[in-house]
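See below for the structure under consideration.
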């Protein structure tokens, strides 16, 4: 007599399909762990983990290339915006979940590959962000004292890759290219009184350089007009309230703005109203100033014949043309030169494919995906700027990461993800040991954090960051 097992038959019949009832029964009704690895311990990584951990059997391992976590919250948020960094408390609580592990000092593409992770885990989430700078592609871009805003931000926030930037602040005029929040962040740091920064977590070498700075004027330049700026009213208002700094806007730039204010959405209306009001104020002859200029695109950077450093920016004067999606800047043929001794390029970020198996779209700057599911790589997901491109603030990253985390849980419960046993971190830690790589656990990160806070207290600061990977590892492993 042949015994017909309905459950086994159903498994065989549906094994090749995307939806497997075998997997559903396994994930929903067993205690088998759902093992998920996340690459990148920044906001996207932690927010994704937060959602995945809602699955009662999920075990989440977060891998980070640096010995320290939190990504742009640590290295990208301006030191005078401590309230934004309060989210670290949330991330710390996530990391302390007994079903979550954080391993720093593990580099994707060097220490571990996507293939390694796919073999060890049921799901792999890539959240390593967009930390590469965009290029203008114009002559003189590599002149001394021409920096990306990304590297300048990394310098004053203590990113190990940027501690040797050492900008020359001996000149009086700096040009910032770009009209986003980061452009205003770097302009504000350049012009803020050093005493207003000395109780923040700005790193000591940057604070000392700013104390000696001779920068008196910052010109913030964008290729389009007032309606197209990407910065928000909070950052603009902060710029207009820096002690000892005049805001110099040209009234003629806002002639067409006034008549259109009534038709704008409220947030945009408030932003443009503040710009118009600022343009109408007479300068009060403060020792420092900043200017907001529109319809200018850099053509080339000019060099000082004696020092070789940047001495100016030749700009194309633009006009705006309407397109189906909005407006675009078109050169008029007219040019102007802005003398300066430093340039910061704030023209956006881009990601990179650190693993050859990743289907990275270089043109769009992200991984092709559907709700966080990476195209053509089953079981691989993405969150944050690697998912959306380098746009949006922290709240946008949170919502996008929640979507990815929910997709993973849904795929586990619906049978899309395989329900077999996976080794998870045991396999990866064994691999790392064979390569001589020692990961930094979250408890070891807490030792680094305690050390930085102790050093900060001695200087009246919330913390004094360690500036090299070697120093971080020495403290972590002590």
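Using N, Cα and C of the backbone, Cβ positions are placed for all residues, glycine too.
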Residue from 108, 344, 429 that TrEMBL also lists as binding FAD with 44, 64, 72, 385: 108
List of residues, in chain order, with Cβ under 8 A from that of residue 392 (NADP(+) binding site) and at least 6 apart: 400
Spatially closest candidate among 72, 108, 385, the listed binding-site residues, to residue 182 (NADP(+) binding site) (Cα to Cα): 72
Among 179, 180, 182, 385, the one of these binding-site residues whose Cβ has the fewest neighbouring Cβ atoms within 10 Å: 180
Distance, residue 224 (NADP(+) binding site) to residue 44 (FAD binding site) (CA atoms, angstrom): 31
In three-state DSSP terms, the structure that residue 108 (FAD binding site) belongs to: strand
Cα-nearest neighbour of residue 181 (NADP(+) binding site) within the listed binding-site residues, 64, 72, 108, 385: 72
Neighbour tally for residue 235 (NADP(+) binding site), based on other Cβ positions within 10 Å of its Cβ: 19
Residue with minimal Cβ packing [other Cβ atoms within 10 Å] among the binding-site residues 223, 224: 224
